[in-house]
Each structure stands twice: as structure tokens, then as C-alpha cells.
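Peer 1: According to Swiss-Prot, the protein carries these features:
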| type | residues | note |
| --- | --- | --- |
| BINDING | Gly78, Thr81 | Na(+) binding site |
| TRANSMEM | 1-21 | transmembrane segment |
| TRANSMEM | 45-65 | transmembrane segment |
| TRANSMEM | 70-90 | transmembrane segment |
| TRANSMEM | 99-119 | transmembrane segment |
Amino acid sequence: MPERYAALLLVGAGGFVGATARFLVALVLPFIGTGFPFGTLAVNLAGCFLIGFISQLSVSSSLVSPELRLLLATGFCGGFTTFSSYMYEIMSLLRDGEIFYSTLYLLGSIVGGILCLYFGMQLAKLWA
């Protein structure tokens, strides 16, 4: 099997397991009576921890191969939460001394995300 297809299968399998895990966490930790999304917060924080742990092991040891990193960091964490990848990319920019770009990415994603969400909702209202 060509390497690209194997990588695609690893990411897909990890994503399936990650998305399933996210769904299960949402069942166990719903809005615990307060209206606060504890399940989403737990998933986002756990995903940040996992992608940091996996990425560091892949750099500083031979415990995590490139294939295992694809399965766990890109696949599982990507299916579990995209927030972890976002935080890792910001940290990578900061580590590389790219303060301007890390700040632009951080604020641009938050403000841009909120604006895109709003405009998407408004467009959907026109069609509904």
C-alpha cells in the first residue's frame, strides 16, 4: 500500500476513535445543571494535553513513530478536538519567535471564528 494511503487510513482510524470518544464524553459530562459546557471544556483541555504529550515524545524519544503520531495526534486528537491542534500551532509559532504571527493566529481565529459563525447563522436564517 502506498505510504499516502497508509497515512490516510491511520488518520481516519484515529479520527473515528477520537470523535467517538468525544461523543462519549459529551454523554457523561453534559451541561451539569449550570448551562456551562463542561464536556466541551474537558475535551478541549484533554486534547491540548494529549497533543502536547504525543508531539513532545515524537521529538524527544523514539517512543512515538511518525505513524503513531499521525494516528494519535492528527487522527485521534483531530477527531477528539481541533482546539488542541490550534493551541499546538500557536505554541509552535511562539517557540519559533513568531510573536506577531502567533498573536494574529490566536486573535484572528477567535474573532474570525465568531464572525464566521454569526454570518453563517444569518445566512441560514435567510434560507430557513
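Keep in mind that glycine also has a Cβ here, set from the backbone N, Cα and C atoms.
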Peer 1: Around Thr81 (Na(+) binding site), how many other CB atoms lie within 10 A of its CB?
Peer 2: 26
Peer 1: Relative to the Cβ position of Gly78 (Na(+) binding site), how many further Cβ atoms are located within 10 Å?
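Peer 2: If we count other Cβ atoms within 10 Å of Gly78 (Na(+) binding site), we arrive at 20.
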Peer 1: What kind of secondary structure is Thr81 (Na(+) binding site) part of, going by DSSP in three states?
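Peer 2: The residue in question, Thr81 (Na(+) binding site), is coil (DSSP, three-state).
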